[in-house]
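To start, the structure itself, in structure tokens.
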Amino acid sequence: MATLGALKKHKVTIVGSGNWGTTMAKLVAENTKIHTDLFEETVQMWVHEEQVTIPKESRHFDPTSELANKPQKLSELVNKLHENVKYLPNITLPPNVIANADIVDACKNSTILVFVLPHQFIARACDQLKGKIVPYTRAISCTKGVDVSEKGIRLLSESIGVRLSIYCGALSGANIASEIAQEKYSETTVAYDPPPLDSRAPTPKGSPTSSNVDLISPSNPNPSARSARLQALPSDYPPLSHENVRKLFHRPYFHVRLVSDVAGVSLGGALKNIIALAAGFVDGLGWGDNAKAAVMRVGILEMVAFGKAFFEDSVHASTFTEESCGVADVVTSCMGGRNFKCAKMAIEKGISIDEVEKTQLNGQKLQGTSTAYEVNSFLKSQGMEAKFPLFTAVYNILEGNVKPEQIPDLIESKS
């Protein structure tokens, strides 16, 4: 709830406007309209500008209209039609969603940024925003992936935090965007560990999934994280407690569980995409549900092992097994997610996943392939590829070093 001393309201910007970004803008805008004591009603949505022609099958297509006869700016179409006709067709957006093609202007004076970008674009977006947002901004990353360099592996939530010198939590779960946009029931996990300097109304600790992770405090053992300095959220804003963060995302059709394990939620969202590719490979071979289940079992074990090996002090194994961002997300992703579908189609048609992306994703990119490459790069640098045979097998299939038919032998336990 808002505190008695709170005079200001949080301004919210969605950084991204693809399928998932537009869905997130829809549900967040529904909530800001309800919780006007906490949030400004208008929600800015940053749109990477492009020219779009309204498809003939669109409900907005009118051959006599100028809008339908020549390409239009996507941001202008969103604001005129209250629909993202390219990335989320046939879903009406609330009128308080405002598309903005200027990322700096969209984020101006925002105290909450919700990042929903393909992870290869996160760094560029942050570089554009650095020094141009309020210093006490808080963020949530809905992007599933990890950043890997020669220095090691970094969560995207941490990468955003370090680049912008802000605190960033994470949202991840069994979330197929098109189903959520249609208001079909689903659930998600939001990891937000209120920084101690913000905690005028601290979130109670002690739940099985709680964690005291502070990704960007001066005491953080990660040298790159120590370079960031957090500024307190002013007391005239409502505190971003678990209760208030939940009010930003929770809808009757989109149930939210709040935890404090940012690392666990981030890793679950990233690694499940590699598992989904493997499930798509075996399904494309026509091997059926038993094969998918075997791949999923090994993948979940590797997900937990990865967290323990590289984020031992900040990850709770229970996050992978009890929360939507863990097992539930793996199951959904291996039944109907984009990574699964594209991997399956590649095998069935005998073409590369790159070719499937070009024809099926409307210009968007799969997260699973980039994550598989980055995770393999990191495992190779640590000499630990053999300890993660499924993750390694997916990478080698993408590279053409092995065939999908070899998966059973590659992941079989040698113990």
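Any Cβ shown, glycine's included, is placed from N, Cα and C.
Note that TrEMBL annotation is computational and uncurated.
Noted in TrEMBL for the protein shown:
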type     : residues                                                   : note
DOMAIN   : 11-193                                                     : domain 'Glycerol-3-phosphate dehydrogenase NAD-dependent N-terminal'
BINDING  : G16, S17, G18, N19, W20, G21, F121, A177, R338, K365, Q367 : NAD(+) binding site
BINDING  : K144, R338, N339                                           : substrate binding site
REGION   : 191-228                                                    : region 'Disordered'
COMPBIAS : 217-228                                                    : compositional bias 'Low complexity'
DOMAIN   : 261-407                                                    : domain 'Glycerol-3-phosphate dehydrogenase NAD-dependent C-terminal'
ACT_SITE : K272                                                       : active site, proton acceptor
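With DSSP states grouped into helix (H, G, I), strand (E, B) and coil, the domain 'Glycerol-3-phosphate dehydrogenase NAD-dependent C-terminal' (261-407) comes out at 119 helix, 0 strand, 28 coil.
F121 (NAD(+) binding site) is surrounded by 15 other CB atoms, counting those within 10 A of its CB over all protein chains shown. Counting Cβ atoms from all protein chains shown, Q367 (NAD(+) binding site) has 24 others lying within 10 Å of its own Cβ.
The recorded positions near K144 (substrate binding site), taking a 10 angstroms Cα-Cα threshold over the set G16, G18, F121, K272, R338, Q367, are K272, Q367. If you check the binding-site residues G16, W20, F121 against N339 (substrate binding site), none has a Cα inside 10 Å of its Cα. Cβ neighbours within 10 Å of W20 (NAD(+) binding site), excluding its own Cβ and spanning all shown chains: 25. The most crowded of the binding-site residues listed here (K144, R338) is K144, judged by how many other CB atoms sit within 10 Å of its own CB.
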